Structure formats: structure tokens, C-alpha cells
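Structure, as C-alpha cells:
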């Protein structure tokens, strides 16, 4: 070869060596070009690398590529296609799943991307035998034009037209070509390069595409622009041969234009070396894999959501297998990661001219502009081999023969820590089914799709996995998993409990506080053992089930007492009323804790006194000088009223002011501030701080109570312990109404009063909590509560025995004046027999939250209320400590009062927790709530604070309207909302035994509503609350206070209906266009992640029925009418016809409304399920497929073998006559096994026609032969059908029509009946109609 030829060969494609990868040349041209290059060098080093260059030149356009290799690489053939070839082209996707290997065939290329960044991003080639598909189609008939096809075709045309003689020369020819021809070829190649750059600019604007076999979503990376035309003619610096040998494939730092090709069969000249050719392709392809994947990772957009797929078994890769043809090659072009395939058809002697290219581009643009967008496709409409559909892909992007790919928009980034996994199914919708949107999609089996994700039964991940099976779907799917919804909440404050036992200890504060412990102690002293047994019995029947119901609601709904009514917004007023009532309880009960701190302060001895302060005289001038110590009967009562309550006006003290609403001593205000500061420190970090301190504020008081009780038992004379229950008269167990009233009220105040806090506490759990955690908490809470109350009852009985030993007796007093607030009397000094001998068990009693009311003198109820707060701490316990000071030191007294203060602080924290959470989940909201609570509790620390305390406690503390609110909650949850929050479902969360679960369900549904209403009546009578509503008679309260009290009690109850009215206005004024949808959102909104019913489904079904009626009328004109004409019937009058029609419309409207409101699942249409490709799809409605003809014989339409083999035919099997899915009340269903329905496809419109036609009336033919006709609408059932079959038939027909897929969405159903030969064509023509 001359030097000029060598220079021309060196200039060929040298400037584009970094922008092109090559096509494999066939024949000897490639080898000769390499030999010529090797001979031109003349050095031994080039001779050693000669063979290495030959191997690489088989795969790439090297710097020294000869004209013959270009000719062989760009060769194309145009064979005329036969009819068989065209059929095979259409059936090419059916061969995607075949995987038989051909030994001498190179492998088509597919991609599989790794999940992790650290994994090797590999692309592999697989060879699989498939059906024969022609490699080319005529240009004007091609559906789409590939980018790589256009590039190679233009290159081929330019080379053939302008330098045919030069390209046809071999490497051994010694002819000398002119320099002008070489320059001309180079100029055309540079023009082609500019054309490719313009194509790159257009392709860069395309959206990112997802490869079907890939695991990640990669955006299209732009190519690096080549040099300008002025600089392209400058020759680049020549690299050394060592660098060419080491870097003969690709350079890593450049954006490459990759054009890769593999030959299915080598030409005859190199057929003997096919084995070595296969071997030589592997290293080059391996390097190409690494570089392309690295380049894709570098250009990946960080804002794009990385789609992660669940771990699946080996899914067959979709590969296109092309048959081997002699002297034919297949070009596979990969443009920046997109899988595209294309071939260019020509005849062997015909050249591709510029006119052909221009015409082809015009046709492509016309097709792209005329292509209409297609809406989203729900579900799958075609079983069998996947059919490629490209509604959103450009016309030039890929050929028909390439594997199907899916184009989708980038999903928006979620705010949650985890993202839903988008799994793209390989089974796509057909072109016919993508035209119209479908509001209803029936679940279908995925047994025919080997790559469907429904074939893999896997446990659900914490991150929601959604399956997307539509090629044109661009709507992001919503995650459904409950754990992902929980992760959206603010973490670190009220998200979860820090320890496993924190929730259990916090729940103890709801049932075990200083107030109910003091009440329980005093009631045990007054009523004895009868009260204990009655309380235990009522707790088992009513109290404990009520507590467990609140725990189950909190754990099930996972929301607070107000936000829990997202399940039924119309009942939100119930939660607001409960929180309001509990807020008032927390405000006025705080001052009682300040009283305990005053007692704790005065326990410690000082230098001025050696004993307790309540042993000294409060006012020495009131007593004789001889009585220095004073009477214990007076000192204990005066200490509480004067020193603790600061009621200085009672003793005419000089420091007393004329204004009773005055803070005489600021000690109570200081203790109130100290208490609220402690509450803030405990709740400042939400559940995190409360859970950590729960082990201190709940455990230590309980342990200290046990220690103090043991000490008092030790002090009591052992011989008198056996007489503790001797005073109890068990004969009055059933007849003493006062005892039963006290036990009933105490049961509710202990187990149900603070239910709002129970719901708020149980709505959160520990991170590692299992399903049995709720049962553990429920059982431990009951045990700890009963133990605490039992210890307190034992302590109270010991104190009563100590008083009896020292000659004192306890008689409940009243707080009003010194004459009545004394409660400890000495048997020696007091001689009033009426006061000492009156049995305490017969005194009328009423319990409120912080105190009790005993009406000793019924004639003076308008003067003495009989109320006293914390009777055990303010009346009994200080007197016992004074009498037993020799055996019980002040240390034990300090421990006892500290224990009571700890119980009170713990209960105040759990009461204030839902109130502070209502303002917000932050430290500032807790601080704001605590400061507000401090300011609102200051009035109770004034001189008249005890009077205000009694008034508020009488109105709100355990009043008659509180049980009514809890009754409304039970009705709202069980009746208005219903499933899945009824008793049968909630009781399963406790995981108790069968008998206990049945009893709880019975108690929640029947016993609790009855018991709460009865308790409301009992409270109303026992508390004398009628004085608030009868303003004429005498009363303890003033006229204005009675009006205010009635307004407060009724106002709390009116919160429920007022909130319901507001919610009705909000939901009916705004929302979905369908009024029934709005009503459903108001009463029974769908759960989070559950799609509401679609009103468009009913409209579509109605439209389908109207279409069916119209088509039936047209088709009925051709049917033979053999029946005799009916007898004459006079037409109805206008009034009768109009009234009947209106009555029918009204009846149908009421039925639809009731079904929508009650959620009757027997009439519910199946809606689109986001997990339609899940492993266990829901079974379609049970349709009746056995229909009977007038003769009474069973008619079964079995497809013929020809139709059954077609993928567009179905098989209608015979089912049992019994209707196995009959609806029950309140939406319940008899569950049936779906084994017979899970293996069949959903019914389409054509299926419905076929099934309904199987119930036709067989009419006799006219004029020879029997004519069997089919009617679209079924006739009413005859008398021969049974009643059961008659009822099931109409229900099945209605379900068939309502649940059928819309027409024109799936291929028609071909059902060939067993007809006579003369009527086969007519039957087939009738079966093509749609409803």
C-alpha cells in the first residue's frame, strides 16, 4: 500500500475514535486492513501486537479501519418479506419466554442493573433460541425508525453513493486513490457527525426511561459534543502503539457514542473461526459493561427517586431471539443506556439514497404528530404473552422487534424516611385496551406471566411495596402499610415509649392515685367487708372491661382521645367533651397535692416543738391556760382548716382580712408552682422523659406504700387484727343500697374516669413491642391496681383499729364551720349518743373525685353539705400519727406523706399528658399548658378555695353526665363506625382465651351501655343534682350558682351535638361531588391507604346497561318470534303509571343510600387494588354460571379445542348450584374458599355476554332445522327453577353487569356453542357484540 493510502487509512475515523464503538466486520477485509496497518509500521513491536489488533478490530472501528471493514460493517440487505415472515413479526413477543440455546449463535443483549452502588453494574449478553423474525422491513412500512438505524443508513448511503469504487477495494489492492476523494469522504463523515450532534440535542430532552429487566432508574446522559467543523479537520496527536494496545476498547473519561453490533452467523469466509470469534467478544464486552455503568452512575440525577424492587427469584429476562439467516447481520444499537434494536431493509443491489432517508423522516414525524395520548390503564386486560405497547414513547426511539420497555415520569420525592418500591411488571396492556380508562378492575391470576411479581410469596416489608402494571401509568401510587404511616409522625417527642415497661407504669397513674386511694380507705372503714366484695364484683363485670376497652381503642386507632375520631368525624365532640372534663379535674385537684406538701413540711420536728404541729393549738387564746396541749378532737380539724386552708375568718384571727378571696399565706401558691414545675420537667420531652421517670414516680410510691402498711400492721395488736372485719354485717350485702351505690361509683371513678389518658398512653408503644404487649399491660395494670387498693384498705383498717384502741371513733364531718368539721371524737369527752351511735353504713353517701359527701343530718342539708376533701389524709391519718407517736416515729410519717404526694403527682402527669399534647408536640406547648394550669389553679388556694373546690367537684367530679359521654363513645365506635372497630375485632388485640374474649365482647356491646346509663341515673339521685334544675325550693347553693351549675353540666353534653352539626356542615359543604361520598366520609371514612368507592363505576355500569338495552333492541328485530301474541291488557292510567315509576325510583334511591352509608359489602363493587399483582389476589365476586333453560336441563358452554387454545378465549366451568356468598347484616359475609376462583381471569364485557347467552330460551326454528338464537338479556326465572336458584340468579346477573370490565378494553371472548353446521357462522357473528 502506498503512503497516501496509509495516510488516508490513518485519518479514517481517527478523530472519532473516542466517539464511536464499532461494528464487527465479516470477511477478510478486516483482517487485511489490520495486516496492511501492520506492514506499514515495519517494527517488531507492531508485529507482536498484530494478532491482538485483529481481535479487537472484529468488534470495533479502530483508528486504522479499512474501507472494506466499513463496507462489511455498514452492509445491509433488503429481502422481500413473505406472509409467513410478517406473521412471525407480529408473534415475536410470544417467544420472549423461550430459553433454548443455539450453540453457534451470538447472544442478543439485555441489561440488568444492580441494586446497590457497590455492586458491579453489569450488562450481559444472553443467547436464546426464538422464532424466526425478519431482520428488516421496507422503510415506508416500518412502524418506528431507530436512531442508530438512521445513523448507519446515512453512513452507508454516503459511502456507497460518493465512493463506491473506493469502498469496494480490498486491502491487497495496490491502486492509488486521489486525495480529493479521501477529503470528500472525510467531509461527509464530518457532516454526519454534526447530524448526530443535533440528534443528541433532541434526545437529551426526552424523559428518563426504565429498562424492564433493570433494577434502577437511569436518566439519559448527553453525549459529549464533538469539535467544531473548523477544528475537526485538525489532526489529533497520534498515540503510541502501547497505548493503543492497552486502550484499544474505550476511554473512561469521555462520553462515548456507543454503536455495538454482533453478527448472528459469520459469513462463509470466516465460518471456520466462529468459535474464536465468540471467545474474543467477551473481554471487549466486559470492558464496555464497566465503562457504561460507571458513566451512567456519574450522570445519574440525585433528585430522581431510586426505585428498589423486592427480593425476587430468578425472573426470566425478556430477550428477543432472531433466527440465523445466511449473509445477514443484526445491528443492536445502545444509545446511552437505552435498549434499542433496528434493521434497515434494502435489496442487495439497491442503494439507500438521500431521498429514501428524507421520506422516512417525513413519515416518522407524521406518525408522531398524529399519535394521540392514551390515558392510564388500570390492571391487566390480556393474559398470555406480553404485547408491546408504546403510548408515550417517541416514534424514533425503538423498533418493533426490540423488547418492551416502560416509560414513566419521575415520582416525587417523599418526605418519609422510606420510599415506596415501584415494581414494574413485564406484562403490559395491549394497544386496544389502552384506549379507554377503566374505573373498575377485577383481580386476575398471574400464572401465565413468568415475570410477574405476584408469583413470589414473600413477607411484607416494613416499607410499602406497590406494583405497577401499566405501561402508560404515570400517577404515583400511595403507600398503604401502617408502619410507614406511623413513621410520618414527629420522632423523638411523642413517637414511642423509651422502655418496654414505661407504658405499663404510666397506666398505673390512671387507676391508682391519691384521690381514689383515700376514697377507698374511708369507704372500707365505713362499709367494711361488704364494700370490698361489691367493689370486686362490679370491677370484674363493668370496671375492668371498660378499662380494657379504652386500652384496645388506643392501641387499635393509635391516636389520642380527640384525634381518634378520624374513624368517624361526626362523633368528634365525644373526644372534646372528655378532654374538657379531664382538664377541669386536673386543674382543681392540684391544690390537694399542695395540702399534702404542707403536711409533709410540718412532720419534721423543729427546735420549738418536738411533736407534730397538728398536736398543738392553732389559737392558744381559745383554750384554757391549764390545757396546754389542747384536745386532739379540735387540734386536727383546726390545723387543716386554719393552717392548711388559711381560713382565718373562722377563728376571728387578727390577720384575717375582710376579703375571703385572698391568699392569706403564700405557702399554697408556692407549692402549686412547685407542683407544676415538676409536671413540666416530667413532660418536657414527651414520652421520652415521662417513660424514663415513670420508674421513679410510679414504682417508689407503690413500694413505699407496702412498707408503710407493713409497719402499721406491726403496730396493731395482733389479738385485734381478727376483729377488723367483725364489724361487717354480711347480712346487709344485698339489701344495703348505700353500700352498693358507693361501690358502683367507686368502680367507675377508679377504672373509667381517666379513660382519655388511657387512650392517649396506649396509642403509643415501645419499638420492640410485640403483639402480646397489650395483653401484658392490661393484666399487669389490673394486678397493680388491685394490690395498691388492697394495701390502702388494709392501712385504713389498721388506722381505725388504732383509733379504737385509744378510745376514739371516726365520724365523717363537713367543712363549713367549726361545729361540723370535727370528725374525730373521744368516747370519754363526748356524750352525744346520737352522733356516736349512728351507724355509718346507713349514712347517705355520694363520691366525687377528690372527696366524699356524708349527710349526717338530713334536716340541715341546706346548711351542711357533708363534704370533705381527702378525708383519710386530712382527718384520720394525722390523728392516728398523734396517738401512735410512741411506736411510729416521724420518719414513717414523712415516708407516708411523701408516698401520697408521689401518687398524686404521678396521676396529675398522666391527666395532663393528653391536654398538653392537644396544644402541640413540643416543649414550648408543654410549658404553655403548665403555666396556664398554674394560673387557673391559683383561685383554689385562696381563703374561699375549699368552697369553690366543693362546687366544682360537685358539678364535674364524677357527675351524672360523664357516664353518658362514655356511653356515647361506645355507640359511636360500635354502631356508627363499626368494623374494623367493633367488639369482635377489638377483643382480638388482647389475645385472651376464648371464654374471656367472648365475655369481653358481650360486656362491651351489652353490659357496659346498660351499666353506664344505670350509673348516670344513680349519680343523679344520690348527688341531689336535681337542685340545679329546680330553682324554687331551698338548696345549699344560691340561686345564681344553681343556674350556672345547670349550664355547665348541660353545656359539656351539648359539645357533642354542636360538634356533630359543625362536622356535618364541613363535610357536606366541601368534598366529593357525590353526596353519598360526603356522607360516607362523615360517618365511616375509609382507612388510610384504602381507596374509597368510585362513583364512576356505577355510572359506567349504568351506561353499559343502557348500551346493552340499545343493542338488544336492534338485535331483537332479527330474532324469530314464535310465541303467541299476548292477550289484550288495557294500559294503566296516567296517575298509576307515574306513581309506580316514582315509587320505584324512590325505592331504588333509598336502597343505594342505605348501602353506601352502612357499607353493605354484599353489594360492594370491587375497586382497583394497588397490589393487584400481589401473591394472593382477592377472589372476584361469585357469579352464577349454571343457568337453566326452560326444559330444566343444565346448560354448560364449553369452548371448543380450537377456541381454548387461543389466548383470547376463556373457559367457563360449571360451579355448584349453591350461592356461597350470601350477605348478612352490617356488611358481614360468609367467607368461602377461593380455590375455584383464584385460577381464572376476570370477567370482561364479552364474558358477560357469553354467560348471559347461555341462559337463553331455545326457540324452535322456522322452516326446517332448529334455529338456536341468543338473547343478550336473560329472561326472568321460570317456575321450574328453585327459590334458591331464582334468588341467586338475579343477584349473580346484577353482579356480573356491575363488575364487568368496560367494553372495548380487552379482546373479545370467542365462545363456540355446539350448533349445527348451518348455524355456526351466525352464532360466531352474534358473539362479537358487546353490552
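From the backbone N, Cα and C atoms, a Cβ is placed for every residue, glycine too.
Summarising the annotation, Swiss-Prot assigns region 'Disordered' to 1-62 (among others).
Positions annotated as compositional bias 'Polar residues' by Swiss-Prot: 16-25 (among others).
Residues or ranges marked as compositional bias 'Gly residues' by Swiss-Prot: 28-43.
Annotation comment: Swiss-Prot describes 168 (among others) as N-linked glycosylation site.
Feature annotation from Swiss-Prot assigns region 'Disordered' to 221-284 (among others).
As annotated by Swiss-Prot, compositional bias 'Polar residues' applies to 258-282 (among others).
Taken from Swiss-Prot, the feature region 'Disordered' covers 363-473 (among others).
The compositional bias 'Basic and acidic residues' feature in Swiss-Prot is assigned to 369-383.
Annotated compositional bias 'Polar residues' per Swiss-Prot: 413-436 (among others), in sequence order.
Annotated compositional bias 'Low complexity' per Swiss-Prot: 437-453 (among others), in sequence order.
Positions annotated as compositional bias 'Polar residues' by Swiss-Prot: 463-473 (among others).
If you look up Swiss-Prot, you'll see 505-525 (among others) marked as transmembrane segment.
Positions annotated as transmembrane segment by Swiss-Prot: 531-551 (among others). Sequence-distant neighbours of the transmembrane segment (531-551) (same chain, 6+ residues past either end, Cβ-Cβ under 8 Å): 507, 511, 520, 523-524, 733, 739-740, 742-744, 746-748, 750-752, 755, 758-759, 762, 774, 777-778, 781-782, 793, 966, 970, 986, 990, 999-1000, 1003-1004, 1007-1008, 1011.
Outside the transmembrane segment (567-587) by six or more residues, the chain places 557, 560-561, 753-757, 849, 908, 911-912, 914-915, 918, 933, 936-937, 952, 956-957, 962, 965, 968-969, 972-973, 976-977, 981, 1052-1053, 1055-1060, 1063-1064, 1067, 1081-1085 with a CB less than 8 A from a CB of the stretch. Under the heading transmembrane segment, Swiss-Prot lists 567-587 (among others), citing sequence analysis as support.
Annotation comment: Swiss-Prot describes 627 (among others) as N-linked glycosylation site.
Sequence annotations record features per position, and here Swiss-Prot assigns N-linked glycosylation site to 631 (among others) based on sequence analysis.
Most Cβ pairs under 8 Å with the transmembrane segment (696-716) belong to 890-910, among the candidate stretches 505-525, 741-761, 890-910, 998-1018. Sequence-distant residue pairs (6 or more apart) of the transmembrane segment (741-761) and the transmembrane segment (505-525) include at least 3 whose Cβ atoms are under 8 Å, placing the two stretches in contact. Sequence-distant contacts of residue 857 (N-linked glycosylation site), defined as residues of its own chain at least six apart whose C-beta falls under 8 angstroms from its C-beta, comprise 864. Residue 631 (N-linked glycosylation site) falls within neither a helix nor a strand when secondary structure is assigned with DSSP, and so counts as coil.
Counting every protein chain shown, the number of other Cβ atoms lying within 10 Å of the Cβ of residue 921 (N-linked glycosylation site) is 17. At the 8 Å Cβ cutoff, the transmembrane segment (667-687) and the transmembrane segment (1044-1064) share fewer than 3 close pairs (sequence separation 6 or more) and do not count as touching. If you look at the transmembrane segment (1044-1064), the same-chain residues 6 or more away from its ends with a CB under 8 A from one of its CBs are 569-574, 576-577, 580-581, 951, 954-956, 959-961, 964-965, 968, 1025, 1028-1029, 1037, 1082. In this structure the alpha carbons, written CA, of residue 631 (N-linked glycosylation site) and residue 921 (N-linked glycosylation site) are 54 Å apart.
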